[in-house]
Structure formats: C-alpha cells, structure tokens
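Undergrad: TrEMBL lists these features:
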{"type": "DISULFID", "residues": "CYS2-CYS82", "note": "disulfide bond"}
Amino acid sequence: QCQLSGLWRNDQGSLMEISVLRDNGDFQGQYLTRVTLSGGCAQISPLKGAQQQLGEEGWPTFAFTVHWDKFSNATTAFVGQCFVDSGGEEMLTTMWLLREAVGSLEEDWKATR
C-alpha cells in the first residue's frame, strides 16, 4: 500500500514533504515550488490536507491546499491518488486548480487556472 508521508518530487522539480500524517487521515507539510507566477525564487509554503482512510486494500485518494506564503496572492488545491507501480515505486497522480486574487467580479473569468 502507498504511504503518503515523506518527500516527493514532481516532473517540474518541485518538492513536497508530508511530515505529519494523523490517524484520521489529516496531514500537513511543506511545498517548495520551482514554478512561480511572479518568476521569482522558489519559496517554501505550508500545505494541509486529508487522505481517504482505506483498509489494507486499495490506493488512497487525497486532497490538499497550498497557501503560497509571502510571494503570491494565489492558493492551489490538489486532488490525487497514490499508487505503487510494477517496480514497487510509489507515485502520486494529481490534478490542481490555482486561484489568483483579482480586483473585481468582472475579472473573475481569468482568476482560475
């Protein structure tokens, strides 16, 4: 079975560390992004989420948010599932939505990626 806690690297070179995984599935950690909206240096930002609690069988699903601390006015929500491939390597597959703050309701159309 896949274990969500630990250090993860994505194909863009960003790092995610899940350091606290509670018995109820709640977790927290840090995200170090290599991709920034502002083009600035990578920053460590806090993340919080929850993992679906499963028995011995199956691949857990999870969701978490990242508050881009100190360098962006955006928040990103990720949802995904944890798998183990045929070589025994753990892998997370995710989809994300990023929401930037905009100045008016008329600009809402361009706020989510």
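Note: Cβ is positioned from N, Cα and C throughout, glycine not excepted.
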Undergrad: Within the chain of CYS82 (disulfide bond), which residues six or more apart in sequence place their C-beta under 8 angstroms from its C-beta?
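TA: Looking at Cβ-Cβ distances below 8 Å from CYS82 (disulfide bond), excluding near sequence neighbours, one finds CYS2, GLN3, LEU4, TRP59, PRO60, THR61, PHE62, GLU90, MET91, LEU92.
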Undergrad: Would you mind checking how many other C-beta atoms are within 10 angstroms of the C-beta on CYS2 (disulfide bond)?
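TA: By my count, 16.
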